[in-house]
Amino acid sequence: MFGGWLADSVIGRYNTLYLSGLIYAVGCALLPTVAFDYEQLGVQLDQTAARAFYITGLVLIACGTGGIKSNVSTFGAFQQEVSFFAGYLIPAVSILLAISLLLLPRPCMTHEAKPSGSPLGQLFKVMGNAISSQSNSIYSLPSWLDYAQISNGGRYPEDVVRGTKQVLILIPLMLPFIGFWCIYNQMQSTYLLQAERMDLSIGTFRLPAASLSLFNSLAIILVTPLLDLVIFPLIRRFAAVTKISLLKRIGLGFALAIVSVVIAGFLEIQRKSELNRSGGFEQELSGRTYNASNLNILLQFFLIGTGEVFAASTGMELVYNNCPDQLKSVTMGVYLAMNGLGSYLGSLLVAIVGAATTADPWLPEDINTGHLEYFCFLLAGVATAFLLLFLPLSRWYDRAYQRTLMRDSDVATATYTQYGSNDENLRSSGSVTLVTGDFRKA
């Protein structure tokens, strides 16, 4: 959210992206300096200093991610077989190359909106003005924010008030994404723990555990063109619909995420059952040995990737297309913050489950002796509750958004009918909205 505010209010989107890339690069550069084997040079690295450098690097990467949402970490997935130094060095070099490429088209970029004060601060000012003007107004208006409009006695033009409405009705619709991200982030936690104790071999090749999230990326690469070129055209042709709404796509993405974690739960039951029958085999990953099952089904990674296509990408499109230009970055920051809240929710559930199941732990250090399947089903229940919240919110948002867009047009039509078709009559009427083409002017 801070990155969005910085872009909208102070230095612009390009400069924020560039600055975030530099911060990310410094963070990435610190990690290989810590992971390097200094003993071969006869140097002993102080562990306190190494820890400080490592934590600083991670913090800088986190800050940089807030501005660029980079995905270079998957390039380091082979590090368990080679070295962590090489695994960290590759994303560091990659982000430096990315920043260099970002500089090339800079002279040709002329379309970026310049920062204009603090639109986030203006949003709160509009709300405050609407509240104060409402108490002094004799009018009864459809929306409490309409009282901030100049034509209704407020201090702000119509487009500013409308933009405030668009942002405020978007924010409640973002909250259910917490449930989706809570499951999505299992790829780096419970899904990974489960996969480490399954057969990761493909023929003679063994998949690095850190690369399993690539199945998510593979799903995105395969599903996105399939939907755009095949599925959606067929639906439009045979179902007599012009398009599938963004809100329905998001709901489907939520459902796929829930199916993903349910499958992970049932797979855990089958994994432990097979492990008890066969005894499993020893699988070494990153210097640790795991008693692994002979199962190697990783369907949950593919399903969560498909869910990302429907929910996360579509949610980003919805937010970007339905908020004013001067608030796009801030609003997008709020949307992306739901990812962090989803991660915190997952951590909270782990803490609650750990405290409540001390006698028969669901999530012990060795999940072969626990009940990871129960935790998966718990996550499915929590995400289902968020989906049930999303359904009425989506209907409410659809109605509220249509009212936000159409009300001014309806007022203009009514006024046009009352005053006739003479533009001079319309202008002389005072607080009248005149609609000309696609533009609204007060």
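Backbone N, Cα and C atoms are what each Cβ position is placed from, and that goes for glycine too.
A quick note: this is a predicted structure, and the numbers were derived from the prediction, not measured.
Residues 3, 6-7, 45, 50, 53-54, 56-68, 70, 72, 83-85, 87-89, 91-92, 95-96, 98-99, 102-103, 329 of the same chain sit 6 or more residues outside the transmembrane segment (16-36) yet have a Cβ under 8 Å from a Cβ within it. Here TrEMBL flags 16-36 (among others) as transmembrane segment.
Summarising the annotation, TrEMBL assigns transmembrane segment to 48-70 (among others).
Taken from TrEMBL, the feature transmembrane segment applies to 82-104 (among others).
For the transmembrane segment (167-187), the list of distant contacts is 123, 127, 145, 212-213, 216, 253-254, 257-258, 260-261, 264, 301, 304, 307-308, 311-312, 315, 318-319, 322-324, 327, 331, 334-335, 338-339, 341-343, 345-346, 349, 379-380, 382-387, 389-390, 393-394, 396-397, 400-401, 404: same-chain residues at least six beyond its ends, Cβ to Cβ under 8 Å. Per TrEMBL, the feature transmembrane segment maps to 167-187 (among others).
Annotation source TrEMBL lists transmembrane segment at 207-234 (among others).
Marked as transmembrane segment by TrEMBL: 246-267 (among others). Among residues of the same chain six or more beyond the transmembrane segment (246-267), those with a C-beta under 8 A of the stretch's C-beta atoms are 176, 179-180, 183-184, 186, 190-191, 194, 295, 297, 299-300, 303-304, 306-312, 314-315, 317-318, 372-374, 376-377, 379-380, 383-384, 386-387, 390-391, 394, 397-398.
The transmembrane segment annotation in TrEMBL covers 297-320 (among others).
Sequence annotations record features per position, and here TrEMBL assigns transmembrane segment to 332-352 (among others). Panel annotation: around the transmembrane segment (332-352), residues 1-5, 66, 69, 171, 174-175, 177-186, 189, 315-316, 319-320, 363, 375, 378-379, 382 of the same chain, lying at least six beyond its termini, place a Cβ under 8 Å from a Cβ of the stretch.
Here TrEMBL flags 372-393 (among others) as transmembrane segment.
Below 8 angstroms of C-beta separation, residues 172-173, 175-180, 182-183, 186, 190, 193-194, 250-251, 254-255, 257-258, 261-262, 264-266, 268-269, 345-346, 349-350, 353, 362-363 of the same chain, each at least six residues beyond the ends of the transmembrane segment (372-393), sit close to that stretch. Sequence-distant neighbours of the transmembrane segment (297-320) (same chain, 6+ residues past either end, Cβ-Cβ under 8 Å): 170, 173-174, 177, 180, 183-184, 186-187, 191, 195, 198, 212-213, 215-220, 223-224, 227, 246-247, 249-250, 252-257, 259-261, 263-264, 267, 328, 331-332, 335.
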